[in-house]
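First up is the structure itself, then whatever we jot down about it.
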Amino acid sequence: MTLPPLRNFAPLAALALFLIALWALHAQLADYQYEDMVGYLDELPALNLLGAGVLTVLSYAVITAYDLLAMRYIRRPLAMYKVMFASFLSYAFSNTIGLSVFASGTLRLRLYSGWGLSALEIARVVLFSTLTLWLGLLVAAGGVLIAKPVDLPELLHVPLPHGRTLGVLLLLPVAGYLVAARLRRQPFRLGPWELPVVRTRLAWRQVVVGATDWVLAAAVLYVLLPKAEELGFLHILTVFLMAQIAALISHVPGGLGVFEAVVLSTLEPWLEAADLLGGLLAFRVIYYLLPLLLATLALGLYEATRLRARLGGFGALVAPLVPALLPPLLALMSAVCGAVLLFSVVSPAAEGRLDWLAHVIPLSLLELSHFAGSVIGMGLLLLAQSLQRRLDAAWVVTVLLLGAGSVSALLKGADYEEALLLALLLLALLPCRRHFYRKASLFEERFTPGWLAAVAMITATAVWLGFFSYKEVDYSRELWWQFTFDDDGEAPRFLRALVGVAAVFAALALARLLRPAQPVTGTDRTTLEALRPRVAACPLTYAHLALLGDKSVLLSQQGDGFLMYGVQGRSWVSMGDPIGTAEERRELAWAFRERVEAHAGWPVFYQVSPVNLDLYLELGLTLLKIGEEARVDLARFTLDGKARANLRNIRSKLERDGYTFRIAPAAEVPALLPALAQVSSAWLDAKNTGEKGFSLGRFDPEYLAGGPLALVERDGALVAFANLWCGAGHHELSIDLMRQVPGAPNGTMDFLFVHLLLWGRAQGYAWFNLGMAPLAGLHSRALAPLWNRFGALVFGRGERFYNFKGVRQYKDKFGPVWEPRYLAVPGGLRLPHILANLTTLIAGSVQGVVKK
């Protein structure tokens with residue numbers, strides 16, 4: 001399968017841009033020392049740090065207005081505290097890994113879908129908020145360039161228009177947007193989707209809120225650059241905004257390196273580069289890292305205390321979201337801690353701390369702790385993705401590494417700040433054990449290109465920082481063997497730390513090369529025979545669909561679990577829930593998602609039950625109700641009473657006319673195949689349809705020979721038949737293929753069903769599964785999600801295309817219990833494509849879609 005170029009090469013392009021920015025930083029800092037940057041941070045006034053913190057709080061408060069405005073746009077009333085909570089978490093997360101629609105959209109999808117918003121509504125919120133961000137950025141940048149022109153082309157050495165001309169060009173898209181909001185009445189169309197036009201007043205609010213947010217963010221950097229007062233705030237604002245534009249366009253995570261390179265290039269003529277780098281470092285810690293840490297600790301504290309009663313409404317709000325939010329946040333913080341530890345081991349210790357340690361611990365312990373710090377830092381980086389994917393082994397190893405890292409930070413340089421950071425994450429992680437339940441091996445996890453690029457960026461930064469810190473050192477072989485508390489021992493420790501980093505990479509690569517093959521099977525005869533015991537052990541009858549031979553199968557490593565799926569286009573569709581124990585189902589679902597991602601596909605779960613909805617939310621999928629499944633409680637089924645009079649009459653009439661019912665065991669099926677084939681062909685011709693697949697059975701002699709059949713006969717001639725699915729432990733009974741000869745009397749299928757239900761009850765089965773009624777049970781209330789309203793409309797008025805109501809009414813006469821069924825799909829605008837792929841998969845071909 002050919003992978004989309006953007007998905008393959010975007011991380012590589014971001015890595016290339018990052019390395020270019022890093023090279024530019026290296027050139028700009030050629031005349032400065034590491035001590036110059038550290039000295040600036042030491043001299044930064046506490047009042048300025050406090051001011052930066054206050055401005056950061058104000059900026060994040062304004063950011064929450066992005067989503068508040070978006071809710072007005074989509075006209076969905078949602079409690080303000082919910083919207084503000086979702087907005088804060090989304091931006092605390094996305095600001096660190098990149099201000100992109102994808103980064104913030106992922107968390108919004110998980111949050112808002114839990115509060116009843118549809119995938120389309122969430123997509124509109126994300127697009128609206130992203131548009132607000134860009135409108136504010138363009139207005140702020142364009143306005144300040146007109147008010148105080150700065151000659152950016154000469155400073156950046158790039159072909160850009162000068163001063164006010166560039167400002168006007170930046171304002172033109174905003175002006176066009178406001179004019180469109182004023183004049184346009186028809187919605188914008190994006191493929192099959194409609195985007196309502198933003199009203200004029202709302203559009204102006206977008207501009208004001210977005211610009212205010214950017215001005216406050218720039219003010220944070222301004223107060224961290226006290227020596228920039230002579231330039232004035234407008235000058236710093238201009239540079240800050242242009243650097244942010246460059247960072248956003250680059251798609252480098254968090255704009256790391258790109259943002260710093262642009263700021264240094266444009267401000268170096270007036271400010272010392274080392275001072276600038278120190279201020280930028282403080283800015284990243286205060287504006288990006290601290291909000292992320294606060295969000296992670298807040299969720300970790302909630303999980304630890306579970307003060308739902310004391311927290312009241314907020315506790316009720318957070319409780320269902322914690323399982324989906326905690327793993328990605330903890331994983332990101334783990335990566336941040338790993339990066340902090342790596343940067344620490346490649347840079348000199350704080351002044352005076354090694355002298356103090358020399359009187360407390362032996363040199364060998366310091367050297368060992370320093371080397372261990374490099375291994376632990378790299379380990380935390382590489383484990384973060386497995387932590388995000390909820391591996392139990394990743395939780396255990398991360399807990400151990402955080403504990404060891406805290407001790408290492410203290411022993412290698414008395415770095416209590418790092419030890420505190422790692423200890424706080426450890427405290428947040430400890431009570432969250434139950435959210436990391438997957439039993440998969442750490443070495444089976446596939447690293448995504450984006451994650452590998454991020455790890456490469458952090459590693460490259462650490463290597464550059466080390467060589468920048470010790471640029472005056474005369475490197476030689478003897479350095480490897482120098483061990484001392486003096487400053488002369490810092491560079492050798494840095495080199496040995498690089499060995500630790502390389503060793504972790506090498507060990508991981510070797511482990512992955514030696515890992516066993518993944519347990520994936522195709523659909524050959526050997527596979528089908530191996531599946532039969534697993535299908536027979538399943539109490540749910542839909543497991544028999546695996547024996548059709550038209551699906552691939554993913555087997556659990558332990559037990560009898562499996563997942564069956566088909567592929568159409570980019571849609572990889574699992575038929576029903578994974579089968580097995582709760583643990584096997586979770587592991588199979590995650591393994592399936594990772595396999596799909598490896599092929600740049602879209603993971604889809606079709607006709608899933610409410611039992612596993614939390615699992616699909618954890619996978620980051622959106623749930624759409626597609627109908628309801630009917631199951632008859634056989635212990636309560638009876639033909640007595642007025643409600644069953646029609647069924648009694650049909651049975652009696654056909655029995656008087658000579659029709660009989662019997663169950664043919666599997667051993668008799670081969671002899672019946674010619675008659676079965678004749679009935680099946682006649683039925684297909686009469687219906688002018690073809691065989692289906694995937695979620696529906698087809699006439700296949702080998703498939704039918706695998707189980708018993710229910711037969712309706714008259715004078716020895718076959719009139720109708722259905723193949724039986726028998727669940728393990730007599731839990732459930734169902735049918736798949738159900739066909740009759742043209743001209744069979746009315747009520748033939750009722751006759752077959754009545755006898756089947758009575759036979760199943762006599763055999764001790766608990767349930768009879770009548771299958772799903774598509775689009776049944778969807779509400780068309782004004783506040784219902786768009787998908788539900790659309791489905792309800794089709795159910796009510798789509799009889800021209802499919803007898804939706806008739807299917808529901810037919811099954812209702814057997815008195816079933818109705819249970820909802822869902823489609824779990826990725827969010828965004830991919831739904832029409834996925835539905836088209838799913839339809840083709842079931843129909844067997846595009847031609848089959850247009851047939852009945």
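The backbone N, Cα and C atoms fix where each Cβ goes, glycine too.
Residues or ranges marked as transmembrane segment in TrEMBL: 46-69 (among others).
Feature annotation from TrEMBL assigns transmembrane segment to 81-102 (among others).
Among the features that TrEMBL reports, transmembrane segment is placed at 122-146 (among others).
Summarising the annotation, TrEMBL assigns transmembrane segment to 166-183 (among others).
Feature annotation from TrEMBL assigns transmembrane segment to 203-225 (among others). Listed by sequence, the residues of this chain that lie at least six past the ends of the transmembrane segment (203-225) yet keep a Cβ under 8 A from its Cβ atoms are 44, 48-49, 51-52, 55-56, 58-59, 62-63, 65-66, 69, 128, 131-137, 139-140, 143, 174, 177-178, 181, 233, 236-237, 240-241, 244, 271, 275-276, 279-280, 282-283, 286-287.
Per TrEMBL, transmembrane segment is recorded for 232-256 (among others). Long-range neighbours of the transmembrane segment (232-256) within the same chain, counting only residues 6 or more positions beyond its ends whose Cβ lies under 8 Å from a Cβ of the stretch, are 10, 13-14, 17-18, 21, 95-100, 137, 140-141, 144-145, 147-148, 150, 152, 156, 214-215, 217-219, 221-222, 225, 262-263, 266-267, 284, 288, 453-454, 457, 461.
Per TrEMBL, the feature transmembrane segment maps to 276-302 (among others). Taking Cβ pairs closer than 8 Å, the transmembrane segment (276-302) reaches residues 25, 29, 37-41, 44, 49, 52-53, 56, 59-60, 88-89, 91-93, 95-96, 217, 220-221, 224-225, 254, 259-260, 263-264, 267-268, 311, 315, 318, 322, 325-326, 329-330, 332-333, 336, 421, 424-425, 427-429, 431-432 in its own chain, all 6 or more past its ends.
Annotation comment: TrEMBL describes 314-344 (among others) as transmembrane segment.
Here TrEMBL flags 356-381 (among others) as transmembrane segment. Packing against the transmembrane segment (356-381) from elsewhere in the chain are residues 334-335, 337-342, 344-346, 397-398, 401-402, 404-405, 407-409, 411-414, 455, 458-459, 483-485, 493, 496-501, 503-505: each is 6 or more residues past its ends and has a CB under 8 Å from a CB in it.
Annotated transmembrane segment per TrEMBL: 393-413 (among others), in sequence order. Long-range Cβ contacts of the transmembrane segment (393-413) within its own chain (Cβ-Cβ under 8 Å, at least 6 residues beyond either end) map to 334, 337, 341, 344-345, 349-350, 353-354, 357, 361, 365-366, 369-370, 372-373, 376-377, 379-380, 383, 386-387, 419, 422-423, 425-426, 429-430, 432-433, 436, 439-442.
Long-range contacts of the transmembrane segment (449-470) within the same chain, counting only residues at least 6 positions beyond its ends with a Cβ under 8 Å from a Cβ of the stretch, are 7-8, 10-12, 14-15, 18-19, 22, 25-26, 29, 34, 97, 252-253, 256-257, 335, 338-339, 342-343, 346-348, 378, 381-382, 384-385, 490-491, 494, 497-498, 501. Taken from TrEMBL, the feature transmembrane segment applies to 449-470 (among others).
Marked as transmembrane segment by TrEMBL: 494-514 (among others).
As annotated by TrEMBL, domain 'Phosphatidylglycerol lysyltransferase C-terminal' applies to 541-824.
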Long-range neighbours of the transmembrane segment (494-514), counting only residues six or more past its ends (CB under 8 A): 342, 345-347, 367, 370-375, 377-379, 382, 443, 459, 462-463, 466, 469-470, 479-480
Confidence summary (mean pLDDT) of the domain 'Phosphatidylglycerol lysyltransferase C-terminal' (541-824): 82
